[in-house]
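So TrEMBL has the following annotated:
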{"type": "BINDING", "residues": "G99, A100, F131, D218, E219, I220, Q221, T276", "note": "pyridoxal 5'-phosphate binding site"}
{"type": "BINDING", "residues": "R134, S275", "note": "N(2)-acetyl-L-ornithine binding site"}
{"type": "MOD_RES", "residues": "K247", "note": "N6-(pyridoxal phosphate)lysine"}
Amino acid sequence: MLTPHAHLMHVYARQPVSFVRGQGARLWDAQGTEYLDAIAGVAVTNLGHAHPDVAAAIAEQATLLLHTSNMFGIAWQDRLGERLSALAGMERAFFCNSGAEANETALKLAWLHANRKQVAPPQVLVMQNSFHGRTFATLAATGNSAVHRGFEPLMPGFVRVPYNDLYAIRQAAEHVPGIAAVLLEPIQGEGGVHVASPEYLRAVRHLCDEHDWLLMADEIQTGMGRTGTWFCYQQAGILPDVVTLAKGLGNGFPIGACLARGRAAELFSPGTHGSTFGGNPLACRVGCTVIDAIEREGLPDRAAVLGRQLLLGLRKALSGVPGVVAIRGQGLMVGIELDRACGDLVRKALEQERLLITVTRERTIRLLPPLICDEAQIDEIAVRVRRLLQ
Ligand SMILES: *Cc1c(COP(=O)(O)O)cnc(C)c1O
């Protein structure tokens with residue numbers, strides 16, 4: 001027998017399971033075994049698997065037009081730019097194919113902003129435990145030494161501060177010259193599900209205004225309704241200058257976006273940025289279809305309600321279970337921190353509970369169920385997690 005994945009580069013630690021079909025929050029392997037999906041492809045398939053509207057949009061657009069070029073007008077791209085701008089309080093969009101590319105776009109805006117202000121060399125304030133991607137710029141922005149290892153020297157231009165710590169940003173404002181922007185996740189996902197306080201986000205917004213920095217929100221994981229509003233920053237009542245999206249925007253079809261407003265929306269000019277595939281008719285039609293479905297099914301509100309149910313259910317189910325340090329989250333983005341490394345639970349959950357979970361930062365179980373789950377499935381997740389931890 002062939003060694004599994006013999007001709008794939010060793011980038012992923014893969015589970016010994018492979019799925020052939022999905023429906024809503026359920027998945028099946030080739031043997032017909034059914035699994036409950038509590039990760040949605042890491043916050044991607046928010047509408048569940050095989051959503052009929054998304055399937056129909058892909059099928060129909062494939063018979064019309066997949067790709068032309070950004071040399072030409074693309075009606076679906078205009079429409080998606082307009083929809084996202086209205087939902088996010090932004091003005092213009094740039095479309096790409098992944099989260100890392102969306103953040104690359106945001107970082108290029110920060111550099112342009114710095115160079116316009118003539119504060120060279122540019123510096124972007126980033127957070128400890130952040131995750132922004134795997135390209136050279138976004139890995140340097142990421143606050144995780146495991147992501148950096150072997151890729152030194154890192155791209156310069158990033159100053160790291162503790163998350164949710166206003167004093168640290170105030171200190172940086174005083175002592176670090178050349179700051180042009182702050183890049184942060186309103187909830188750190190890969191970093192272990194840490195939620196920034198609304199007061200902190202509002203104070204950072206205020207500091208950005210005071211110092212003429214761009215506030216750039218990485219909503220790649222938190223966006224598209226997952227945390228209870230279309231975008232997580234909306235719960236703090238603030239408006240960033242730049243917002244990055246990907247994951248849930250295409251429900252599994254690859255698409256990323258960088259949104260901006262005000263001066264940040266006017267920094268690029270023809271020739272300063274671009275993408276061959278970015279914003280093609282197929283990707284943008286899928287994005288529009290996903291937005292329509294989220295809107296019609298009321299999924300941001302639904303995520304808030306189900307999220308409360310999940311948090312309450314877990315707190316009840318896990319009370320008295322030894323080793324549980326904290327249960328936290330917002331909407332359908334929930335972390336269960338344990339007192340020990342628990343990476344082995346991912347495999348155990350698959351084998352014993354037929355449940356898909358992830359573990360971040362070694363000791364935090366992260367749950368990201370699809371937003372279309374029903375109440376019974378949310379309860380079932382809590383039941384299976386309890387059995388797993390007992
Ligand atoms: C997943 C993620 C990224 C990277 O997105 P890719 O599509 O994998 O490049 C960046 N930022 C955050 C917050 C993410 O969760």
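These residue numbers are counts, starting from 1, taken along the chain as shown.
Heads up, the Cβ atoms here are built off N, Cα and C, so glycines get one too.
Predicted automatically and left uncurated, TrEMBL annotations should be read as such.
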At the level of the C-alpha atoms, what whole-angstrom distance separates R134 (N(2)-acetyl-L-ornithine binding site) and A100 (pyridoxal 5'-phosphate binding site)?
7
Report the largest Cα to Cα distance, in Å and rounded to a whole number, among the residues G99, A100, F131, D218, E219, I220, Q221, T276 that the record lists as binding pyridoxal 5'-phosphate.
25
Cα distance, G99 (pyridoxal 5'-phosphate binding site) to K247 (N6-(pyridoxal phosphate)lysine), nearest Å?
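The separation of the Cα atoms works out to 7 Å.
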With the cut-off set at 10 Å between Cβ atoms, which of these recorded positions ends up with the most neighbours? Options: R134, K247.
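The residue with the densest Cβ neighbourhood is K247.
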In sequence order, which same-chain residues at least six apart have a C-beta under 8 angstroms from D218 (pyridoxal 5'-phosphate binding site)?
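The list for D218 (pyridoxal 5'-phosphate binding site) reads G99, N103, A106, S130, H132, L183, L184, E185, T244, given in order along the sequence.
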Between E219 (pyridoxal 5'-phosphate binding site) and S275 (N(2)-acetyl-L-ornithine binding site), what C-alpha distance do you get in Å?
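Computed Cα spacing between E219 (pyridoxal 5'-phosphate binding site) and S275 (N(2)-acetyl-L-ornithine binding site) is 21 Å.
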Could you measure between F131 (pyridoxal 5'-phosphate binding site) and S275 (N(2)-acetyl-L-ornithine binding site) for me? Cα positions, answer in whole angstrom.
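F131 (pyridoxal 5'-phosphate binding site) to S275 (N(2)-acetyl-L-ornithine binding site), Cα-Cα distance: 23 Å.
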If I take the alpha carbons of S275 (N(2)-acetyl-L-ornithine binding site) and I220 (pyridoxal 5'-phosphate binding site), what is the distance between them in whole Å?
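Their Cα atoms are separated by 19 Å.
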Return the members of F131, E219, S275, T276 (the binding-site residues) with CB less than 6 angstroms from at least one atom of ligand 1, or none.
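Within range of ligand 1: F131.
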Can you name the residues of this chain that are 6 or more positions from A100 (pyridoxal 5'-phosphate binding site) yet have a C-beta less than 8 Å from its C-beta?
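When sequence neighbours closer than 6 are ignored, A100 (pyridoxal 5'-phosphate binding site) has H132, G133, R134, T135, T138, G256 within Cβ distance under 8 Å.
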